[in-house]
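As structure tokens, the structure follows; a few thoughts come after it.
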Amino acid sequence: MKTFIKERGLAFFLIAVVLLWIKTYVGYVLNFNLGIDNTIQKILLFVNPLSSSLFFLGFGLLFKKKLQQTAIIVIHFLMSFLLYANIVYYRFFNDFITIPVIMQAKTNGGQLGDSAFSLMRPTDAFYFIDTIILIILAIKVNKPAETSSKKSFRIIFASSILVFLINLAVAESDRPELLTRSFDRNYLVKYLGTYNFTIYDAVQNIKSNSQRALADSSDVTEVENYMKANYDVPNNVYFGKAEGKNVIYVSLESLQSFIIDYKIDGKEVTPFLNKLAHDNETFYFDNFFHQTGQGKTSDAEFMMENSLYPLAQGSVFVNKAQNTLQSVPAILKSKNYTSATFHGNTQTFWNRNEMYKAEGIDKFFDSAYYDMNEENTKNYGMKDKPFFKESMPLLESLPQPFYTKFITLSNHFPFGMDEGDTDFPAGDFGDSVVDNYFQSAHYLDQSIEQFFNDLKKDGLYDKSIIVMYGDHYGISENHNKAMAKVLGKDEITDYDNAQLQRVPLFIHAAGVKGEKVHKYAGDVDVAPTILHLLGVDTKDYLMSGSDILSKEHREVIPFRNGDFISPKYTKISGKYYDTKTGKELDESEVDKSEDSLVKKELEMSDKIINGDLLRFYEPKGFKKVNPSDYDYTKHDEDSSETSKDNEDK
């Protein structure tokens with residue numbers, strides 16, 4: 001071996017391999033919570049970077065003598081960058097970067113700078129120091145391998161494949177069917193590593209994209225039979241109770257349920273929302289869970305309006321905007337509803353300008369319609385108070401009945417508020433992100449109260465059903481130490497993390513008697529619930545969700561990674577808990593019927609989305625959406641007409 005290395009000048013290459021290998025392992029241990037349970041998993045975590053280090057750096061050996069070391073350094077840097085990008089991404093999302101997420105950067109990347117920067121640390125220089133060491137070695141030693149290195153490459157390539165196959169075989173013995181049944185990226189990284197996961201993800205992405213081309217009308221039959229068999233008959237007490245009313249959705253950015261009725265220094269953080277939760281004209285759902293994947297806010301929007309699950313990788317908004325959809329706004333067109341979305345950000349963020357056309361949304365009031373001055377904006381766009389204030393004339397200009405959606409932004413990570421925007425005290429839990437969360441949540445609460453008052457003033461309150469929901473978690477698992485203090489616990493366990501995925505859901509309609517609803521439900525359940533309240537039966541539509549107010553409502557809530565929660569079981573990170581007690585259960589104690597249901601639910605939804613199957617299915621009375629009918633370009637007359645309407649009033 002020594003002779004082989006010396007003769008072929010492979011010392012530089014092997015140094016690069018060892019540096020990348022060890023650095024990657026250190027990165028795993030310091031940054032990722034992968035749930036290592038046994039010695040086999042510990043060994044695999046250490047070994048799995050080796051095969052990919054050999055494989056990718058080995059391509060540098062194919063270059064000619066003068067370029068060889070340069071190629072190895074460039075590949076080493078790119079792999080280091082991929083590792084570091086995953087580390088930064090994981091610090092907030094507790095997830096790993098996928099190919100679709102990289103594609104999302106085209107629409108979102110330019111506006112994510114502040115959030116990404118806040119996640120970086122001075123010690124992160126560690127992940128690039130070894131690249132600098134390699135550059136110095138190349139300059140000082142400058143002794144690349146021999147000119148003809150194809151034989152060396154073949155040996156290195158074969159070695160990397162052998163290491164990978166051994167790695168995979170051991171992983172499969174510990175986690176059978178790892179590559180075929182795992183929705184959870186944590187498992188894939190734990191057993192195979194970030195670099196091998198990226199290859200796996202690329203293959204899955206190609207496979208997903210090919211499903212549309214191969215699909216035909218016969219594929220929709222299985223899905224139709226399954227979803228119609230699981231249709232929930234509406235509750236006669238509530239069906240049609242809000243018929244003819246305007247619909248106003250409000251996305252409550254990053255709001256989690258623990259904040260409701262929570263106090264800081266004796267002061268309620270969200271006094272208006274607290275009051276609303278206990279109002280007799282509000283349906284407040286205290287066991288409602290977000291089910292978002294990597295698309296976060298856009299996933300929540302998609303589920304609310306289409307009652308289908310998000311993608312396993314990436315955002316439906318970004319990757320499937322060409323699909324045929326049967327969204328709530330499109331369904332309500334048969335009832336003469338006009339639809340509009342209000343958002344104090346650019347049209348292209350999350351590819352909304354294209355997705356809304358597929359959903360049949362008539363108007364999109366984006367940042368072009370608002371006064372986006374420095375005082376009114378922060379981070380992702382317009383602050384909530386000026387956003388709602390400036391939205392009112394636009395809302396009043398719409399013909400009624402209308403279906404509208406307002407997307408708030410101020411309560412967004414890292415939750416800092418400008419001076420003068422709030423006098424509410426920050427928390428004192430030793431974590432700036434958690435501490436600031438209470439201030440921005442209070443600001444959001446004040447903006448919602450202002451919005452309700454404006455609706456009453458303009459006569460729209462009594463004519464509308466108002467649906468408000470937390471779009472996704474705000475505080476990630478990286479802040480569990482502070483969150484334990486917030487909740488008065490010694491520590492936050494995996495079970496606790498699952499419970500913290502609760503987000504508030506309010507359905508408020510003046511004149512309609514509400515109640516506190518304890519049923520377990522998720523994002524996909526909202527569309528059928530609202531449509532039934534409006535008097536629209538969903539039996540002919542293909543929806544994953546279940547009317548929460550129905551007596552037949554299903555209370556098993558799938559998460560995108562295959563975990564789930566129900567009144568009986570909580571499955572998180574592959575472990576089962578008793579939902580009522582939090583006690584961990586042995587798999588032998590668990591009725592796996594809920595597991596099977598979750599797998600089937602995700603499978604059916606994925607078939608619809610990846611195969612674009614709704615193009616083959618048209619319910620009676622539904623007019624298929626033609627995206628080319630919609631144009632969200634702001635014209636001068638839009639502003640002048642709104643101004644004229646306000647003057648007339």
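Glycine residues also receive a Cβ, built from the backbone N, Cα and C atoms like all the rest.
The Mn(2+) site recorded in Swiss-Prot comprises Glu253, Asp471, His472 together with one of Thr198, Thr297, Thr422, namely Thr297. Membrane sidedness, as given by the topological domains in Swiss-Prot, differs between Thr39 and Gln69. Within 10 Å of the C-beta of His412 (substrate binding site) we count 20 further C-beta atoms, all protein chains included. Long-range Cβ contacts of the topological domain 'Extracellular' (31-42) within its own chain (Cβ-Cβ under 8 Å, at least 6 residues beyond either end) map to 87, 90-91, 94, 170, 173-174, 186, 189-191, 477, 494, 573-574. Listed in sequence order, Ser254, His290, Thr292, Lys296, Thr297, Asp299, Ala300, Val503 are the same-chain residues at least 6 apart in sequence whose CB falls under 8 Å from the CB of His472 (Mn(2+) binding site).
Neighbours of the Mn(2+) site: apart from Glu253, Thr297, Asp471, His472, residues of the same chain with C-beta atoms within 8 angstroms of the site's C-beta centroid are Ser251, Leu252, Ser254, His290, Thr292, Lys296, Ala300, Gly470. Taking only the Cα positions, the spacing between Glu253 (Mn(2+) binding site) and His412 (substrate binding site) is 6 angstrom. In the three-state DSSP assignment, the secondary structure recorded for His472 (Mn(2+) binding site) is coil. Per DSSP, the secondary structure of the topological domain 'Extracellular' (31-42) breaks down as 5 helix, 0 strand, 7 coil.
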